[in-house]
Amino acid sequence: MKDFDTIAAISTVLGEGGISIIRISGDKSLAIVNKLFKAKNGKDILDMKPYTMKYGHIIEQDTKNILDEVLISYMKAPRSFTAEDTVEINCHGGVTPTKKIFQEVIKAGVRVAEPGEFTKRAFLNGRIDLTQAEAVIDIIRSKTELSMKSAVSQSIGKVSEEINVLRENLIETIAHIEATVDYPEEDLEEITSSQVQEKIEKIIEELERLLDTSEEGKIIREGLDVVIVGKPNVGKSSLLNALLSEKRAIVTEIPGTTRDVIEEYINLDGIPIKIIDTAGIRETEDLVEKIGVERSKEKINEADLVILVLDSSNKLNDEDYEIIEYIKDKKYITLLNKSDLESKINKSDLEDLKLYNIIEISAKMGFGLEDLKEYIKDLFFKGDIQTDSIIITNTRHKEALIRAKESCNTALKALENTLAIDLASIDIKNAWLSLGEITGDTLEEDIIDKIFSEFCLGK
């Protein structure tokens, strides 16, 4: 275990609640808290048994007044989250008592932890690898049960297991090649170019299998940005309200009622989807509405999917044509809204405009919403969403897998010349190094620091 100073942070959200937790980690954590804590039985906590709790009070050192009634828990190294001695103070929830106790802890000789520093110590002390560390923040940020399940799978080492098997196969191959090249006089089983090629091809197959999950995995982790667009008063806000099953957007007969972007999340069979209702796109002299239109265009450019809403009870006009032209290069679904009314849109017109993925709906009556949801899933997922197998959800992991695959392919090219078997080992080692970046075994320190800096305080 590495030699670190003692750190502390408030691990729960500041606000009113049942309890707040202040976490202290480091070899001085128990001694520091002992200065502030007075147990109900009058004993200090230096002889406290690990994995137990003690009841008492935190005492303000300057005034000797009781600050709060608390429970102290103690986890002894290396069997703690950070693999260091760790003490947690459980006090009453609330901003004032939590801050006052935290101030006393810092005054007693503890450094304020940086964002993600507890998890970083768990990684540096060897309790978890980098994929497991990243999974911690993914669990915290998960928006659906499916995204949480995927993050939990990563947190218990499922991704690491697959990566480590691949790395082990690569390093064994390197060892065989180098032994054959460096010690030809020894009585060693010689590895041939074709044998190495067969091993590398199998590894490439495994890399491709993992990479095939990455697009769906990214969506499970980060969700989809879905933008609703259309001219004013075609039913965009009604669609948003119908998808949310609540009245989130104002619905009136007055064009331009939605003047800004409205964003809400929905859970689509475990997929977190951010639905973005935009201001109607049209030419306007109203300054506020004009700003809303510009924001709408920005959201369209950033979107994973655009839902184009057309009013089927009215003929298409220049405003519709302008929007259709603007989104033609995006992935989109066309909704013919107000299907409960007589349709005045000619299907042949839609064919001429090369519009596709057309669904008839009535946002007001609720018709066609399930068809829309199924269409979204079909556009981004190949069949049913698999939750039991390993899914690559992290872009950093995907990029490392791509580099590993490229190195393996370069090794195969080198092996086409049977005399260049030793040259292939260089590329195989590069693949091994790339996979090590995923688990953190071969990653640069500054990149590791950047990853943990994105964590929240207290974690």
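Backbone N, Cα and C atoms are what each Cβ position is placed from, and that goes for glycine too.
In sequence order, Ser11, Ile21, Ile22, Arg23, Ile24, Ile72, Ser73, Met75 are the residues near Glu88 ((6S)-5-formyl-5,6,7,8-tetrahydrofolate binding site), counting only same-chain partners six or more apart with C-beta under 8 A. Taken from Swiss-Prot, the feature (6S)-5-formyl-5,6,7,8-tetrahydrofolate binding site covers Arg23, Glu88, Arg127, Lys459.
According to Swiss-Prot, the feature domain 'TrmE-type G' maps to 223-381. Within the model, the domain 'TrmE-type G' (223-381) carries an average pLDDT of 80.
Look at Swiss-Prot and you will find Asn233, Thr252, Ile254, Thr257 tagged as K(+) binding site. DSSP assigns Asn233 (K(+) binding site) to coil, not to a helix or a strand.
Here Swiss-Prot flags 233-238, 252-258, 277-280 as GTP binding site.
Annotated Mg(2+) binding site per Swiss-Prot: Ser237, Thr258, in sequence order.
Between the CA atoms of Lys459 ((6S)-5-formyl-5,6,7,8-tetrahydrofolate binding site) and Ser237 (Mg(2+) binding site) there is a gap of 39 Å.
Arg127 ((6S)-5-formyl-5,6,7,8-tetrahydrofolate binding site) and Lys236 (GTP binding site) are 50 Å apart (CA-CA, integer value). Here Arg127 ((6S)-5-formyl-5,6,7,8-tetrahydrofolate binding site) is positioned 57 angstrom away from Asn233 (K(+) binding site), judged by their C-alpha atoms. Ranking the binding-site residues Asn233, Ser237 by the number of CB atoms within 10 A of their own CB puts Ser237 at the top. Counted within 10 Å of its Cβ, the other Cβ atoms near Lys459 ((6S)-5-formyl-5,6,7,8-tetrahydrofolate binding site) come to 20, all protein chains included.
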